[in-house]
Amino acid sequence: MPAVALGVSVGWRSLSLWLLALLQLCSADLDVLSPGSGSDKFKVEGRAVVPGVRPQDWVNTARVLVDGEEHVGFLRTDGSFVVHDVPSGSYVVEVISPAHRFEPVRVDITSKGKMRARYVNHIKTSEVVRLPYPLQMKSSGPPSYFIKRETWGWTDFLMNPMVMMMVLPLLIFVLLPKVVNTSDPEMRREMEQSMNMLNTNPELPDVSEFMTRLFTSKSSSKSSGSGKAGKSVGKRR
């Protein structure tokens, strides 16, 4: 019996030792995977500037976002910022302020801690425009939360489709006889045919009659004017 008890105690001790060793290994793995430990964590540094405005007037309401809200930083009273515990990778750094707009910057961090800053180009993603590091982020103006209401102008009235449909035919009727040689009967006949082709509604007046009256009235006025001039010349003689 004492030998059996001694063997059982030795077995329990060895089992407990194995369990302790296993727990130590698991805790070591958790320490390596934990976000706050390890030497592969870096910091993103920079400065935000608003031209003509003191940093004390706006830094209290601003935040620095790295990769969305994955890492959040705050600005000091001089406009500088440091975001700690950022692993290696490629991140978009933004300064968010309700009163000022800042362009985002992409920061690439290598596994050895080398930093590279460049413009964020959503159209040409392969184009790389280097920026200095630590970051120097300058405000581009106030954010545009609202769209300016459009004002009414004369161009809006003139470019209205209904107005153009009313004005253009009138201009054609008035200016076309002055440009085209109306004394030519063939030209007049072609114009009447083309206008009749456009007039598809039978309830509307005949365009050819209108054109004939217009041209004949002009030609008769010209002939009467020339006749009167000839009579006046004859009387003078």
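Using the three backbone atoms N, Cα and C, a Cβ is placed for every residue, glycine included.
The signal peptide annotation in Swiss-Prot covers 1-28.
Under the heading topological domain 'Lumenal', Swiss-Prot lists 29-156, citing similarity to another entry as support.
Taken from Swiss-Prot, the feature transmembrane segment covers 157-177, and the record attributes it to sequence analysis.
Sequence annotations record features per position, and here Swiss-Prot assigns topological domain 'Cytoplasmic' to 178-237.
Here Swiss-Prot flags 216-237 as region 'Disordered'.
The feature compositional bias 'Low complexity' is assigned by Swiss-Prot to 217-237.
Helix, strand and coil counts under DSSP for the topological domain 'Lumenal' (29-156) come to 14 helix, 51 strand, 63 coil. Confidence for the topological domain 'Lumenal' (29-156), expressed as mean pLDDT, is 84.
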